[in-house]
Amino acid sequence: MGTGPPAFTEVDNPASFADSLFVRAINYNYYYSLNAWLLLCPWWLCFDWSMGCIPLIKSVSDWRIIALAALWFCLIGLICQAVCSEDSHRRRILTLGLGFLIIPFLPASNLFFRVGFVVAERVIYLPSIGYCILFIYGFSLLSKQAKKKKILTAAILGILLINVMRCIIRSNQWRSEEQLFRSALSVCPLNAKVHYNVGKNLADKGNQTAAIKYYREAVRLNPKYVHAMNNLGNILKERNELREAEELLSLAVQIQPDFAAAWMNLGIVQNSLRRFEEAEQSYWTAIKHRKIYPDCYYNLGRLYADLNRHIDALNAWRNATVLKPEHSLAWNNMIILLDNTGNLAQAEAVGKEALELIPNDHSLMFSLANVLGKSQKYKESEALFLKAIKANPNAASYHGNLAVLYHRWGNLDLAKKHYEVSLKLDPTAPGTRENYNLLKRKLEQLQKKSNV
């Protein structure tokens with residue numbers, strides 16, 4: 001725990017934040033009964049029990065009181081036997097079993113300090129030793145009656161078979177994130193984090209429509225779930241539903257003002273809505289809360305480029321590459337901006353610096369090759385184009401720009417070849433068809449001259 005206890009929030013352990021001592025005590029005891037039930041019947045298994053998975057008991061009229069009453073009835077009975085039994089062997093066995101059952105569980109009991117979970121299956125691994133001792137001892141006592149021995153043996157074998165099957169099922173669920181997260185939906189349908197994780201898994205697989213459904217449910221279950229708001233806002237931003245995205249991200253930063261990622265995403269949305277001053281302010285707020293944030297500097301640079309603030313854009317992208325030297329997009333944008341503004345020598349220097357740090361990035365090779373071609377360094381440019389094409393042979397623009405290089409250089413046959421490859425990969429490639437037609441006319445003219 002380091003120098004002090006970690007900080008937990010209400011969603012991690014709601015009972016520990018209850019104002020009433022009665023509510024805290026009742027719910028802690030209910031959590032103990034759930035742990036005991038998982039030892040007896042490990043069917044309700046969930047990767048996370050927080051965020052409303054187990055609603056608080058707030059009244060003695062709640063039927064769940066029966067569970068904790070049953071737990072204490074059994075525990076008190078066992079403790080009485082362990083202390084008062086005339087059979088010393090029984091006292092030793094019960095004391096050992098209860099010791100293994102209770103003592104390892106005490107750190108997770110909320111009695112000494114607040115813990116960051118409601119139920120966690122890992123905390124009953126050691127107590128399961130005590131459970132096994134008590135279970136086997138009880139079985140041995142019952143099996144002494146000959147009439148019940150066969151029935152008990154059949155029951156034990158049945159329980160063993162069921163638990164082996166459950167173990168196989170649960171192990172398979174842990175083989176993939178999707179199966180693990182979906183298995184929790186039936187156990188904890190009120191847990192916003194479960195819906196969030198299912199949504200995130202779907203979003204990572206590209207299924208945005210389904211992801212939106214689960215993110216919305218996560219936000220409905222927990223209206224202050226800023227991470228769900230941020231991810232939902234991101235998807236809506238990508239689908240160009242900018243107004244709702246802005247509302248969600250604005251709410252997220254209102255709830256958690258130091259949420260840097262939400263500030264950056266809000267800036268991206270505001271930039272798309274052409275509210276540039278607000279976007280710039282959002283980016284700087286994100287950087288204020290997360291000093292090392294190369295992606296935010298990259299997006300800030302894009303904003304400045306849109307505003308034709310070229311020096312500011314270059315400085316922002318340079319900051320991104322200082323913080324993250326392998327930030328390919330920032331390097332690439334610097335090269336392109338310098339190229340577009342006619343600073344070819346500086347663009348070449350930046351491109352070569354970038355390739356020293358990221359030597360296998362084909363997009364950097366492509367951008368630098370364009371710069372070298374404009375500087376009439378045809379050999380160097382050709383080498384980089386060919387290297388980029390080798391890394392990404394299906395990029396139509398790579399073949400198209402190499403064709404332009406050959407066209408300028410006078411290697412018309414090679415130019416024709418790469419124009420054709422480019423058009424095959426992308427028949428709508430801008431400018432390529434016109435350049436190809438110009439080249440064909442030139443080749444026809446040369447052919448006519450040679451025939452004369």
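Just so you know, glycine gets a Cβ as well, placed from its N, Cα and C.
Among the features that TrEMBL reports, domain 'DUF1736' is placed at 4-76.
Residues or ranges marked as transmembrane segment in TrEMBL: 34-57 (among others).
With a threshold of 8 Å between CB atoms, the same-chain residues lying at least 6 positions outside the transmembrane segment (63-84) that come near it are 26, 29-30, 32-34, 36-37, 57, 90-91, 94-95, 97-98, 134. Summarising the annotation, TrEMBL assigns transmembrane segment to 63-84 (among others).
Look at TrEMBL and you will find 96-117 (among others) tagged as transmembrane segment.
Here TrEMBL flags 123-142 (among others) as transmembrane segment.
Same-chain neighbours of the transmembrane segment (151-169): 42-43, 139, 142-143, counting only residues six or more beyond its ends whose CB sits under 8 Å from a CB of the stretch. Residues or ranges marked as transmembrane segment in TrEMBL: 151-169 (among others).
Taken from TrEMBL, the feature repeat 'TPR' covers 192-225 (among others). In the repeat 'TPR' (192-225), helix, strand and coil residues by DSSP number 27 helix, 0 strand, 7 coil.
Long-range contacts of the repeat 'TPR' (226-259) within the same chain, counting only residues at least 6 positions beyond its ends with a Cβ under 8 Å from a Cβ of the stretch, are 192, 195-196, 199-200, 203, 208, 211-212, 215-216, 218-219, 265-266, 268-270, 272-273, 285, 289. Annotated repeat 'TPR' per TrEMBL: 226-259 (among others), in sequence order.
Among the features that TrEMBL reports, repeat 'TPR' is placed at 294-327 (among others). Within its own chain, the repeat 'TPR' (294-327) is flanked in space by residues 260, 264, 267-268, 271, 276, 279-280, 283-284, 286-287, 333-334, 337-338, 341, 354, 357-358, which lie at least six positions past its ends and keep a Cβ under 8 Å from the stretch.
Remote same-chain residues near the repeat 'TPR' (396-429) are listed as 362, 366, 369-370, 373, 378, 381-382, 385-386, 388-389, 435-436, 439-440, 442-443, 446 (criterion: CB distance under 8 Å, separation of at least six residues from the stretch ends). Residues or ranges marked as repeat 'TPR' in TrEMBL: 396-429 (among others).
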**Fill in**
DSSP composition of the repeat 'TPR' (294-327), residue counts helix/strand/coil, works out to 27 helix, 0 strand, 7 coil
